[in-house]
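Everything below concerns the one structure shown next.
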């Protein structure tokens, strides 16, 4: 993700 800190992508 760009807005949130996602574990992948």
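Here the Cβ of each residue, glycine as well, is placed from N, Cα and C on the backbone.
Here Swiss-Prot flags 1-6 as disulfide bond, drawing on experimental evidence. Residues annotated as glycine amide in Swiss-Prot, with experimental evidence given as evidence: 9.
Counting Cβ atoms from all protein chains shown, residue 6 (disulfide bond) has 8 others lying within 10 Å of its own Cβ. Under the DSSP three-state reduction, residue 6 (disulfide bond) is assigned to coil, being neither helix nor strand.
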